[in-house]
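In what follows, a structure is listed as structure tokens, so that the remarks can point back to it.
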């Protein structure tokens, strides 16, 4: 063998072993260079691991100089503890009732693999409900109170759900039917809540009964509406402090969710299945098509092409778009559809769209990226950089530091405006005395103090936005205006002095 040749070897488990050792160091509190505070509870971690696992930490401009960070968006410390463990191990165990909390936290931290897995869990909930169980409960609901609402506690309300991402070499391989490994221990609190709720038939005589399953969490409640053996919506009841605020934009269309009133409670309905909601279908139903006489036929004609969307915008902290008038029209449209009203009655309905252009425009209202939404105020953005700059205001991040005095700012333009006070950059000039000032406010004070009564000075103040072309053009206009005024005054003077 040649002594200059290279010998290569590969240890497949080395990377996972390094992460495992880092996790042991984290649990022991050794060599940790940052402390993340969640609701006052500290969590020690390594910046490199956080930055490699979460784009939120990676794009944090001041992370390299910080020794501590507080995140107020995540309300449950246990949720962040599981997500932090996931960064080191690639595994996470969560209860089904906490999926919404994990989805909200993962969306804020931009952990895409957790977001996709939580969304997949919500979409696959309908596979845990047997159609035969629903039919049997409708007949013997009074005989078997523990199986009311057509749900088996032991098969649906599971305690930990195991999540293993594809890149985790130690994770278990998912089965063909589902990616969830569920224990069969039922929750007593959930079972008692199911017994108290009972099943409710909200439809008319010709409609399909709806069975509600209450999922109780720490901060949210969800109603899963079962229609025609498919869960098509997740309805999240918001607390008073977390209620979505009114907005000028509508939540209908391709956002995948809307707001409505259920039993006097305002809820946010989210499409999680492969079928759109029946309310949205009633609004976009074509006039030329044959109108179904019941909800079952309406669901039969729904399209399968509606993709599920990100759930971030519909849960706590997200600002839901709503218009109550449209919700009333949609409700009346659905009632007319269930009662088998003819096309003339639907045309007389104020909520029915008679024009194909209106129906086409309805599906394209207010498009935006659901994942670029501020968790604090619900404002949506088109670019990630705009969201990052906006989040600095809520997080108190001040990456722009003045090199003269050390004062910190959240935006670069604020720092540039502040630096004018330290340098000779004085773009605001007084037209009366020629003195220059670094700020517009300082110039205004100078005018009020030293040049009172000058009404036209403010309109002639030069600002940094005005170019030399603008100034030259304005001087030419002023000169021509003065010549015209002089000519008119001379003409008047000549006429008045003329002999009779």
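Even glycines carry a Cβ here, placed using N, Cα and C.
When 75, 323, 403, 474 are looked up in Swiss-Prot, the one carrying the note SUMO2 cross-link is 474; the rest have no such note there, which does not rule it out for them. The stretch that Swiss-Prot tags with region 'Disordered', taken from the ranges 215-235, 236-256, 257-277, 278-298, is 236-256.
Per Swiss-Prot, the phosphoserine annotation among the candidates 164, 306 falls on 164. 463 is the residue among 355, 463 that Swiss-Prot labels phosphoserine.
Looking at 331-353, 400-422, the stretch flagged in Swiss-Prot as zinc finger turns out to be 400-422. Mean pLDDT for the domain 'BTB' (32-96) in the predicted structure: 89. Listed in sequence order, 420, 436, 437, 438 are the same-chain residues six or more apart from residue 426 (SUMO2 cross-link) with CB atoms under 8 A from its CB.
Residues in the zinc finger (400-422) partition by DSSP class (helix H, G, I; strand E, B; coil) as 8 helix, 4 strand, 11 coil.
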